[in-house]
Every structure is written in C-alpha cells, then in structure tokens.
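Quick look at what TrEMBL annotates:
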type     : residues         : note
DOMAIN   : 70-194           : domain 'VOC'
BINDING  : E124, H142, E190 : Zn(2+) binding site
ACT_SITE : E190             : active site, proton donor/acceptor
DOMAIN   : 200-328          : domain 'VOC'
Amino acid sequence: MEKVVGVMAGNGYSLIWGNGKQKWERGNGYQIWENGITVSTSANTTMAEAAPPVVPSDELLEWPKKDKRRFLHAVYRVGDLDRTIKFYTECFGMKLLRKRDIPEEKYSNAFLGFGPEDSHFVVELTYNYGVDKYDIGTGFGHFAIATQDVYKLVEDIKSKGGIVTREPGPVKGGSSVIAFVKDPDGYLFELIQRGPTPEPLCQVMLRVGDLERSIKFYEKALGMKLLKKTDRPEQKYTIAMMGYADEYETIVLELTYNYGVTEYTKGNAYAQVAISTEDVYKSAEVVNLVTQELGGKITRQAGPLPGLNTKITSFLDPDGWKTVLVDHADFLKELEV
C-alpha cells in the first residue's frame, strides 16, 4: 500500500491521497485511481485495514510551510500578442521564452521573462482570437520590474513610444527611485531602482478589501510569509508584501488596502498567478480548509489537465483573485516538450 499522507472524509466516503494516487473507500471495498484510471480494486479489504487515522487539520495546515514552492508565472490577456511581445522585448528587455498557437481552441499564448522558466518568474500572455480589448478593472494594480537605472530605462521606453505615467524620482517620504509606465493594453508596470537582482520581474500588486484577512489567507493557504507591512495614513493606504523569500531576492505579492474600500471590479484582463507545489492533492485540501474559515473557493479540484497530464488545482481568495497550484515535477516535464 502506498504511503498515505492525508484523508478527507464525508458522506460515508474517505479520500486518501499519496504518491500521486487517490483512493475512495466505502464500506468494505475500495478503488485506487491514478490520473483518472482505475489501477486496482478490492471488494474484501475492510475500512480498518485500508484507512489509517484521519490526519488532524492542524497537522495538514503545516504542509504549506514545509512544501517547496515558487511563483511560476502570471497569466493575463492581451489584444495583440505580437505587439505586446515587441514592447516587452524592446522596452523592458525581456526574452521570448516560448510561444504556442492552439487553433482548435482559438487562442495563442507566449511566455516572456528575464530568464528560463525553471528558475525565473515570467509572464504568460494570452491572445483569444478576435478579441482586441479587455477591461483591466479597478482591483488589479501593477507588475514591477527592478532595474539598476530607472532614469535610463524610462528614456529608452520613451524613445520607443512607451507611455510614462509617473516620471522617475524618489517615492514620497522615502529614498527608493521609481517610475510607472503603461504597456499597449493598459497594464501598469512599476520600475524600481535596485542593485543586481536574480529576479527582475519582482512584484504583482493586487488590491484587497480586508488586508488582515488576506494576509492570514496567504499565510495559511499558500504558506507565504509576511515580509513587510507599511501603513501610509497620509495617503490612506496600507500594503503588505507576501512571498517565499526576501523581496530583493524573488517575486513577491503586494497586497494593497485603500482605506474604506472593500470591493473592486476584476474586469476580464488579468487572470491569475501560478505557484508550484510538490503535492497538488495535499495542497488542495489545505486550501479547502482555509476557504471554509476565511472565504474564497476551489474552482478546479486537484487532478491532471486533459492532454497534458500536468496536475493542478485552482482557487479564488476571499477577494476573488485566482491562484493555480501546479505540480512541480509535471511543470518541469512540460518545459522539456
């Protein structure tokens, strides 16, 4: 029998998962499924023989802290794929890592970033045939790129026709030098002046209606750490930096709470972030527990994607922001194709 790492019980059934398999048990028999295929059955095994004690929820909630996780990519929609690729490569200095067309499903996508996907956070751009415009909404904030010379980068972007929405200069009340530019679809990019960094694509900013709730959600459901929290009462907002390592070393999620604002529109442009996990099934059970406490919901149960066999699960946080958890080993296999 495979090592059992978790149990979910309900309606007379138990779901036991481990080593990539799921086992549904009821009464005195069970079946084991692997990638949706029945690989063994038993009509005689009793529940006492087959099922170990239920794993306490407190123990299960420790899993995200032990799991080795990494931000993989942000997914969003654009109206002209080639135009956006040109802008990101020429203005930001990103590299086109891969591009694919799926005519039977009427969409194309492209992955761009500052390094290979197996070690860097990247963007996944999606173009849906015939759709040239999207609504970004009021909830999505911006992406951020770290650069050693913001002033020079802004001049380069201007020379290529880019739109600068905030000229480079120090932030109010601080010394960090930043600027903001807008891409052809209206997505904002904050440019942050920093020394050399292993992860130039360094932030995704999303607005939330209850910062303390969101901090707790990302800590418990995804195992992130609260890296920094800053309150700006004069500007009536508070931000929290959430991630898996120092913000100068890797990508972080910047959650912003504007005083008195509890709801935002999501639009249909920004889609989600993807994060790797060593066990999609176990991670999904943690998310299920946390959503019952704090809100949000599972939008795709854990399991392999048709055609790819990459195991994923997806869910919404309490504000409706979507995250996809992707099996790490399966993700690396995808990159080999």
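Including glycine, each Cβ sits where the backbone N, Cα and C put it.
Keep in mind that TrEMBL annotations are predicted by a computer and have not been checked by a curator.
Features per TrEMBL, on structure.
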residue : record              : DSSP (3 states)
E124    : Zn(2+) binding site : strand
H142    : Zn(2+) binding site : strand
E190    : Zn(2+) binding site : strand
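Per DSSP, the domain 'VOC' (200-328) is made up of 28 helix, 57 strand, 44 coil. Cβ neighbours of E124 (Zn(2+) binding site) (same chain, under 8 Å, six or more residues apart in sequence): H73, A74, V75, Y76, N109, A110, F111, A274.
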